[in-house]
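Here's the structure we're looking at; comments come further down.
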Amino acid sequence: MNPENWTQVTSFVLLGFPSSHLIQFLVFLGLMVTYIVTATGKLLIIVLSWIDQRLHIQMYFFLRNFSFLELLLVTVVVPKMLVVILTGDHTISFVSCIIQSYLYFFLGTTDFFLLAVMSLDRYLAICRPLRYETLMNGHVCSQLVLASWLAGFLWVLCPTVLMASLPFCGPNGIDHFFRDSWPLLRLSCGDTHLLKLVAFMLSTLVLLGSLALTSVSYACILATVLRAPTAAERRKAFSTCASHLTVVVIIYGSSIFLYIRMSEAQSKLLNKGASVLSCIITPLLNPFIFTLRNDKVQQALREALGWPRLTAVMKLRVTSQRK
């Protein structure tokens, strides 16, 4: 098409939602429950690590920031999906599309940086315990978190500017649940080679770079744990990073799967499912992983809910009845 005849598209239509009203209702209900549970889990971790003095240590400082980040990530995606299903209005303006895209990839990129920082924290705690408090003091922790957010903010700025400058002259239907990059790129009537190259290089660098740092950290942790003289010390060392390692495996596994599938241009349905797993299901699972595998968080949660006092009262009543 002659560039002079281009008519810039001002809005897009999300086509990834089912047409059946029953399925839409079930999807809406599932998304709403998932979002409420996810937000509640994230807020619990944030509040508990803030008010409980025993959790005022470096590991839970990073966990609090990680939970806040994932809460923002699901908030960028899920509420818009709920509004689309509830109102039946599948349109999204070009500006809103670019903003949602930037926020989604900014938060997702920051997620990888924070995971790498948390891996470094676990490495220093287990492999350099005598120097840990000096190397990972409160000031350093704050700087690392701030650097992660700033790096994520700048990392996706260039691809977003390139995306916003692309011409879109129709069609305007995005075959996805939310605004994702690859379905939108297919709609552009301009040259997308530079954007694809930049996006590929940056995404590969952040994914493999953070994964390499995380892998090296846990390789050193594993070597240190195996050298521990007793089984009790090995269990204690491993328990301090088991939940984080589980989250690392889930996030990197789903992200690499999604990255490979997107690159190979496989089934659209499979890509949609992988996207939902990466940005909705994974944040839902993470609070349960951190609480179920962490004794301190469990104890703080029980005390916040008043369970120890309730247990003590019940034992007192049983004792008095026996007398």
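Positions of Cβ are set from backbone N, Cα and C atoms, glycine also.
The structure displayed is predicted, hence computed values, not measured ones.
Record features (Swiss-Prot):
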- Cys97-Cys189: disulfide bond (DISULFID)
- Asn5: N-linked glycosylation site (CARBOHYD)
- 1-25: topological domain 'Extracellular' (TOPO_DOM)
- 47-54: topological domain 'Cytoplasmic' (TOPO_DOM)
- 76-99: topological domain 'Extracellular' (TOPO_DOM)
- 121-139: topological domain 'Cytoplasmic' (TOPO_DOM)
- 161-197: topological domain 'Extracellular' (TOPO_DOM)
- 218-237: topological domain 'Cytoplasmic' (TOPO_DOM)
- 259-271: topological domain 'Extracellular' (TOPO_DOM)
- 293-323: topological domain 'Cytoplasmic' (TOPO_DOM)
- 26-46: transmembrane segment (TRANSMEM)
- 55-75: transmembrane segment (TRANSMEM)
- 100-120: transmembrane segment (TRANSMEM)
- 140-160: transmembrane segment (TRANSMEM)
- 198-217: transmembrane segment (TRANSMEM)
- 238-258: transmembrane segment (TRANSMEM)
- 272-292: transmembrane segment (TRANSMEM)
Sequence-remote contacts (6 or more beyond its ends) of the topological domain 'Cytoplasmic' (121-139), Cβ cut-off under 8 Å? 58-59, 61-62, 217-218, 220-221, 224-225, 237, 240-241, 244
Write out how many residues of the topological domain 'Extracellular' (161-197) are helix, how many strand and how many coil, based on DSSP. 14 helix, 2 strand, 21 coil
By Cβ distance under 8 Å, which residues at least 6 away from the ends of the topological domain 'Extracellular' (76-99) in the same chain are close to it? 8-15, 17, 24, 27-28, 31-32, 34-35, 107, 160, 163-164, 168, 177-179, 184, 279-280
Among the disulfide-bonded residues Cys97, Cys189, which residue has the fewest other Cβ atoms within 10 Å of its own Cβ? Cys189
At a threshold of under 8 Å on Cβ distances, which of 55-75, 198-217, 238-258 pairs most often with the transmembrane segment (26-46)? 55-75
In the same chain, residues at least 6 away from the ends of the transmembrane segment (198-217) whose Cβ sits under 8 Å of its Cβ atoms read 109, 112-113, 115-116, 119-120, 122-123, 155-156, 158-159, 162, 181, 248, 252, 255-256, 259
For the topological domain 'Cytoplasmic' (121-139), would you mind checking the mean pLDDT of the predicted model? 90
Its residues classified by DSSP, the topological domain 'Cytoplasmic' (121-139) shows 13 helix, 0 strand, 6 coil
Let me spell it out: take the topological domain 'Cytoplasmic' (218-237), skip the flanking residues so only those 6+ beyond its ends count, and list any with a Cβ under 8 Å from a Cβ in it. 119, 122-123, 126-127, 245, 248
